[in-house]
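According to Swiss-Prot, the feature transmembrane segment maps to 28-48, 99-119, 128-148, 249-269, 270-290, 301-321, 341-361, an assignment based on sequence analysis.
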Amino acid sequence: MIIYNTTELQAIHSFSRLEFLKEVYGSIWVLIPILTLVLGITLGVLVIVWLEREISAGIQQRIGPEYAGPLGILQALADGTKLLFKENLFPSRGDTRLFTIGPSIAVISILLSYSVIPFGYRLILGDLSIGVFLWIAVSSLAPIGLLMSGYGSNNKYSFLGGLRAAAQSISYEIPLTLCVLSISLLSNSFSTVDIVEAQSKYGFWGWNLWRQPIGFIVFLISSLAECERLPFDLPEAEEELVAGYQTEYSGIKFGLFYVASYLNLLVSSLFVTVLYLGGWNLSIPYLFVPELFERGKVFETIICIFITLAKTYLFLFISIATRWTLPRLRMDQLLNLGWKFLLPISLGNLLLTTSFQLLSL
C-alpha cells in the first residue's frame with residue numbers, strides 16, 4: 001500500500017489547479033480578439049445603416065431618421081430590436097430545415113471573411129498565406145444559403161430570387177477572382193498583409209489603384225454585384241419578385257438577411273481598401289510624421305484603424321450614392337455584362353500583368 005505525504009498531495013492539487021487556470025486564461029485570451037472583432041463589425045454595420053439612411057435622405061431632399069438617439073444614430077438598433085420581437089413564421093408546405101439553415105449560412109460565411117482582413121500590421125485575426133482566396137472561397141458559400149432559403153420557402157418568387165442570386169454570384173465571382181489573381185501576381189503573395197506591405201514601398205503612387213486601374217474598375221463593379229446592390233439587386237427586385245428569397249421570412253430570420261447584406265457590403269469595401277488603396281498606410285509623405293508612431297503602440301493602432309476605416313467608408317459612400325443614381329438592370333443585361341464584358345476584360349488584364357511580371361524577371 002502506497003502512503004502519500006500530505007504536503008505532496010497539496011502540491012499535486014495546487015499544480016493541477018494552476019494548470020486548469022492556465023487553460024481557462026488561455027481560452028479567454030483566444031476569445032478576446034474574436035469578440036473585439038465581432039463588436040467592431042457590429043458597430044460598423046450600425047454606422048453603415050445610419051449613413052445610408054442619411055445619405056439617401058440628402059439625395060432625395062428629405063429629412064432622415066431623427067428620433068432614435070441624437071441625429072437618429074440609434075435607428076438601426078431600434079429596427080433590430082423590433083425584428084427580435086416579431087413572430088417567426090414558417091411556410092406551411094416549405095422545407096423547415098432549409099428555411100432555417102439558409103440565413104445562418106449567409107451570415108456565417110460572410111463573418112468568416114473578416115478573419116483575414118488586416119486593420120494594421122499586427123491587427124489581423126489570422127494572417128494566412130492564402131488570405132484573399134479564403135475570402136473568395138468562403139464568400140462563395142453565401143449564395144448556397146440564399147438558394148436553400150428560396151427552395152425551402154415553397155414560393156415561386158422566393159425560388160426565382162434564390163436562382164437569380166446563384167446565377168449572379170457565379171457570373172461575377174470569376175472576374176472578381178481574376179482581379180485578385182492580378183493583385184497577387186504584383187505582390188508575389190496571397191497574404192493580405194503582404195499585399196498591403198507591397199503597396200507601401202512607393203507611397204501614394206504605389207497603390208494598386210494606379211498599377212491596376214482596369215482591374216480596379218472590374219473589381220468595383222463585381223463587388224457591387226456580389227453585394228446585390230443597385231443596379232444589381234435582381235435577386236430581390238420588389239417590382240418583379242415581391243422580396244425575392246426573403247418573401248416568406250419574418251422576425252429574426254429576416255433580420256439575419258438584413259445584417260448579411262450590410263456585412264457583405266462592409267467586407268467588400270474593406271477588401272477594396274486592402275487590395276487597391278494601400279490598406280492602413282497613409283501613403284502621403286508630407287503628412288506622415290514618424291514621431292507620432294514612436295509615442296506608443298496604442299496610438300499607432302488607433303491611427304492604422306482610422307486610416308483603414310476612412311478609406312473603407314469612402315467606398316461605402318460611392319456604393320450608397322450609386323444606389324440612387326443608376327437604374328436596375330434586366331437579368332439578361334446583368335449576365336451579358338458579367339460574361340461578355342467583365343470576364344474577357346479581367347482575363348486580358350491578368351494576361352497583361354503576367355506578361356509584365358515575366359518580362360521584369
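Any Cβ shown, glycine's included, is placed from N, Cα and C.
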Please determine whether the transmembrane segment (249-269) and the transmembrane segment (341-361) are in contact (criterion: at least three Cβ-Cβ distances under 8 Å, sequence separation 6 or more).
no
Chain residues outside the transmembrane segment (301-321) and at least six past its termini with a C-beta under 8 angstroms from it:
44, 47-48, 51-52, 55-56, 59, 119-121, 123, 224, 227, 229, 265-266, 269-270, 272-273, 277-282, 292-293
